Amino acid sequence: MEHGLRSIPAWTLDKFIEDYLLPDTTFGADVKSAVNVVCDFLKERCFQGAAHPVRVSKVVKGGSSGKGTTLKGKSDADLVVFLNNLTSFEDQLNRRGEFIKEIKKQLYEVQHERRFRVKFEVQSSWWPNARSLSFKLSAPHLHQEVEFDVLPAFDVLGHVNTSSKPDPRIYAILIEECTSLGKDGEFSTCFTELQRNFLKQRPTKLKSLIRLVKHWYQLCKEKLGKPLPPQYALELLTVFAWEQGNGCYEFNTAQGFRTVLELVINYQHLRIYWTKYYDFQHQEVSKYLHRQLRKARPVILDPADPTGNVAGGNPEGWRRLAEEADVWLWYPCFIKKDGSRVSSWDVPTVVPVPFEQVEENWTCILL
């Protein structure tokens, strides 16, 4: 398939996505069925025999399957288990291991029940306080195995209202705990619903472009190996390119793809953030955001978690990916029918930052 994407002309990209990247209906039904089995197990059965009462407040599907950007043949799902027993971010950090241990124990026990006609293959972890439990699920009614990552989390958001921002005090507490623990981005799982909602309601064609970029990223990963920037950074870069450069339900896929690759090439200039869920209105959050946005670029802040710079800490990975992106710009997938090259959208690499109020009552702007 790599050879296919390298060699196909620009006007056939939509067909390529439809034929090779979009999951079919059987695949989608399998994943949905498997997710329902695991969710029911986690909510109704898993913690019944625990030494202390455990209450699951909700189970949220995250990752690609939650966002609606799954690639064909990738049967995996992230499930975040929100537990009322976890009462702070630090509590999640310290106690997640005990809940993962209990989930693992119950998965082993349920194998021996005849009425439970599914098989769990639990992956071993060398970490005593691992962030997640990984396992594979198979069942007679499924056409293939489905891989799961289950992550215990502190339910800091409670009921998520899609029409309004979370209380900014939540982010102030997050920032305070992350700063004191030195764990920026550690608790992004607590904001899985917001990460999912940020992408889930996007136009179908934008999700197709995200799939194409993810496929390109996987090809780069196979060729280059590690280190590379996280895939999530590329997903957010794709959303940013579309928002700034087009914003329409229908657009030229090759143009969008080229724009994303050009942003990758210009990674040293990137400073990107959104104010959908947090902004500069709360004093402590504002101070922290200004500090984050002054850091060495690239900076791409997780739209749901301001402590997570998903582009940070890996300049070598960005350099290698940028070199590969530069090579790709000369491939046929960016050539039009008349032989001319596909142009990119006009997209900035920097999102402006508002004035910062300082103690001496004068203001300065971050350039």
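Numbering starts at 1 and runs along the chain as it is shown here.
Note: Cβ is positioned from N, Cα and C throughout, glycine not excepted.
The region 'Interaction with dsRNA' annotation in Swiss-Prot covers 14-61 (among others). The DSSP breakdown of the region 'Interaction with dsRNA' (14-61), given as helix, strand and coil counts, is 29 helix, 6 strand, 13 coil.
Listed in sequence order, Ile17, Leu21, Leu22, Thr69, Leu71 are the same-chain residues at least 6 apart in sequence whose CB falls under 8 Å from the CB of Arg211 (ATP binding site). Annotation note: Arg211 (ATP binding site) sits in a helical segment as assigned by DSSP. Look at Swiss-Prot and you will find Ser64, Arg211, Lys214, Gln231 tagged as ATP binding site, backed by similarity to another entry.
Feature annotation from Swiss-Prot assigns Mg(2+) binding site to Asp76, Asp78, Asp149; the stated evidence is similarity to another entry. DSSP classifies Asp78 (Mg(2+) binding site) as strand under the three-state reduction.
The region 'Interaction with dsRNA' annotation in Swiss-Prot covers 201-211 (among others).
As annotated by Swiss-Prot, S-geranylgeranyl cysteine applies to Cys364.
Among the binding-site residues Ser64, Lys214, Gln231, the ones whose Cα sits within 10 Å of the Cα of Asp76 (Mg(2+) binding site) are Ser64, in sequence order. Other than the site residues Asp76, Asp78, Asp149, same-chain residues with C-beta atoms no more than 8 angstroms from the centre of those residues' C-beta atoms, the Mg(2+) site, are Gly62, Gly63, Ser65, Ala77, Leu79, Ser132, Ser134, Glu147, Phe148.
The Cβ of Gln231 (ATP binding site) lies under 8 Å from the Cβ of Lys214, Tyr217, each of which sits 6+ residues away along the same chain. When pLDDT values are averaged over the region 'Interaction with dsRNA' (201-211), the model yields 96. Across the structure, Asp78 (Mg(2+) binding site) and Ser64 (ATP binding site) are spaced 8 Å apart at their Cα atoms.
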